[in-house]
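Colleague: Here it is: the structure, laid out below.
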Amino acid sequence: MSISVCYYLSKMSESTKVQFEKKSVGHNSDDEYDDTVPYNEDDETSEEEVQEYNEDEVIHPGFVLKGTYLLLKKIGSGNNASVWMTYHISNDKFLAMKIQDHLCYNDGCREVTIVNKISEYGKNNPDFFCVQLLDHFYFELSDNIKYVCSIYELYAGSIHFLLEEGKYKYGLPLPVVKTIIKQLLTSLSTLHGKLNIIHSDVKPENILFKGLPDYQKNIIKLFNRSGFREKYAELCSEYPNRHENLEIEDEFMDNLEYIAMDAIKEIRILEECLNTNEELIPDDPDNNEKYYDSTDSEEYDYSDNSDYYDDDEDTGPIKKYNERLQSVDDCQEILDCKEICDLDKEYNFATVLNNRESSSDKREIIDDKYVINCQTALTDFGNSYFFDKRTRNEIQDRRYRAPEVILDLNYTFCCDIWSVACVAYELATGYVLFDPFGEHFLNRDLHHLFLIEKIVGEIPLAMKKKSKRRKFLFDKSRGYHIKNVDEFKSTNLETILMNQYLFSKEEAESFANFLMCGLSIDPATRSNADELLKHPWLNDVN
């Protein structure tokens, strides 16, 4: 056990130690797990039981995992995991390590299983455009606190990072957008068609650029001049037979961590001075998992009248399900009493002109050579599922969430395609297509549905009637119009692209046609990845 872990455990209060012993992370028996990563037995433990636990005191720069992975700098973080720039001591390589939060240990096991399958396919198909798993293991702090660690190539950063600031804040050049989208669709074509995997979290944060940005080069430069390699070689010569004696090996590891901590001192100073280049990746908090039965895996026919829910029927189970999903002010009684909002006057899609030319921010956040000739990889399979094991819970980031998911209808692979279209629009304009924020105290789902119907078109009546959430989302007395929203005029993507983002008519027409193929509200008529790859808008991409 390393010095930092021993120190931390020695400083823990007795009550905290007892809490550690009690803590256990639940698993779902329907999940498929990698046999090499053990999972915990299920047991409910409240958040208060681990409130004294501080992960940063254990997982920190200079920490050595598996005897060979030296953590240099945290380069990404979300609700459920962190990503570290890592030095592989044995192979003398700089890599990326994803460390799953111990509370989501079994989600990490599921992700490893999925990425293992992806990586097996990728060995013989180099143009797959998905991250490849190089190694995985688990780190055990105590019997009940375990981390799943997975190793990947080091990338330059995500597209989200590129769009936040700098010269591409208001969108990327269209040839680059087309290249990225073609690579993304190529990866999804394989995931859906050959590997039976739904990603369910396609967004700019999860699309990585290949390359080595300046801040990573600076970290490597500082590490190289620290003399770690020479000190490590000297340490190994002092302990030639360390693997034959556990006590000697522990002593070796303690000394290794001393020289590792010394090696990253300048990197920590650089990090404190700059305090940049760590991406904060938002995650959706829903973690309760129920799974579709295999009988649900067919494409759903929303026009089948026999399965409509009657608004006058007893819907006890549905009400219970929706009470769990709604916010505190969104019980049906309160929604029915809210005033109808006129959202149309809040949105003038013709007045916000593109700011690309007038922007004074011309910085290259990532070297242009990695952008113009981009090679990308789809990442973060922590929310992914094999198709026949997909969750019943709400999936996808809010901004890229498909209408069938909002309506709580059966979803298929094409929910990922909806997300692709949203991402394509954002890459080309710098703006999120659907970004509901609960206008006029509306539920965000109602605001989201308004934006979808305003821009894309009306949701088919059959889908509205089929929705388990129809009482919360639609007003039957107004012909299943969106609840609490006044009548509004629709617009269209072609008009928005020309008037707001100054696309030429030809560019807008072609791009809007491509987007609408992926934004078909009825998933049965939405294009799949293979069909979109054949769309004329992508014809000029190599």
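Placed from the backbone N, Cα and C atoms, the Cβ positions cover glycine too.
Taken from Swiss-Prot, the feature active site, proton acceptor covers Asp201, and the record attributes it to sequence analysis. According to Swiss-Prot, the feature ATP binding site maps to Ile75, Gly76, Ser77, Gly78, Asn79, Asn80, Ala81, Ser82, Val83, Lys98. The compositional bias 'Basic and acidic residues' annotation in Swiss-Prot covers 20-30. The compositional bias 'Acidic residues' annotation in Swiss-Prot covers 31-49, 295-314. Per Swiss-Prot, domain 'Protein kinase' is recorded for 69-538, and the stated evidence type is sequence analysis. Residues or ranges marked as region 'Disordered' by Swiss-Prot: 20-49, 278-314.
Walk me through where these features lie, including what they touch and how far apart they are.
Modeller: Just so you know, the Cβ of Asp201 (active site, proton acceptor) picks up 23 other Cβ atoms within 10 Å once every protein chain is counted.
Residue environment of Ser77 (ATP binding site) contains 17 other Cβ atoms, counted within 10 Å of its Cβ in all protein chains. In the three-state DSSP classification, Ser77 (ATP binding site) falls within a strand.
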Colleague: Determine, to the nearest whole angstrom, how far the Cα atom of Ile75 (ATP binding site) is from the Cα atom of Asp201 (active site, proton acceptor).
Modeller: 20
Colleague: Could you find out if DSSP has Val83 (ATP binding site) as helix, strand or coil?
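Modeller: In three-state terms, Val83 (ATP binding site) counts as strand.
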Colleague: Below 8 Å Cβ to Cβ and six or more residues apart, same chain only. Which residues does that give for Val83 (ATP binding site)?
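Modeller: Long-range Cβ contacts: Lys74, Ile75, Gly76, Ser77, Ala96, Met97, Lys98, Ile99.
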